[in-house]
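Undergrad: Once you've had a glance at the structure underneath, I'll fire off some questions.
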Amino acid sequence: MTPLEEDESDAWPDEPKEFDPDSLGPDIPDSSPTLGESIGASADVPEELFRAFWAAVLFFNVALAALSIGAMLIYFRGDYGTGVPVLLVGVVAGLATLRYYWGVKAGRYSGSKNADSDRTGDSTDQGAK
């Protein structure tokens, strides 16, 4: 027997024969039932608000990327011919994001049919007493 070979009688009694990597951490619960419930949770949100949110996220990502890349093109390469138009794309995308944000703040995407009357404080039954 060589020194690198293990003798079965020298093995520890509690030591497993092979290492089990699943035994290292806590048990992870199965997330498939809750995933379906969380996807269905968007049904509580009005469709207009849902679309406005994702449009704002998309425009914000474009604005962030374009402003960063445009600034780096101008600063590191001195390429104003490409950097300025990319910066302008970022500014336009940022303004589009703000348009959706201000629309949500104004209640434009609330999903209720009387959102305009809720904003101005007008109601159809104010005069009836």
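The backbone N, Cα and C atoms fix where each Cβ goes, glycine too.
Curation plays no part in TrEMBL annotations; they are all automatic predictions.
Straight from TrEMBL, here's the annotation block:
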type     : residues : note
COMPBIAS : 1-13     : compositional bias 'Acidic residues'
REGION   : 1-39     : region 'Disordered'
DOMAIN   : 43-102   : domain 'DUF7322'
TRANSMEM : 52-76    : transmembrane segment
TRANSMEM : 82-102   : transmembrane segment
REGION   : 108-129  : region 'Disordered'
COMPBIAS : 115-129  : compositional bias 'Basic and acidic residues'
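Are these features on the surface or tucked inside, and what are their neighbours?
TA: Per-residue pLDDT, averaged across the domain 'DUF7322' (43-102), gives 94.
Residues 45, 82-91, 93-94, 96-97, 100-101, 103-104, 109 of the same chain, all 6+ positions outside the transmembrane segment (52-76), place their C-beta atoms under 8 angstroms from a C-beta of that stretch.
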Undergrad: Counting only residues 6 or more past its boundaries, what in the same chain has a CB within less than 8 Å of a CB in the transmembrane segment (82-102)?
TA: 52-53, 55-56, 59-60, 62-74
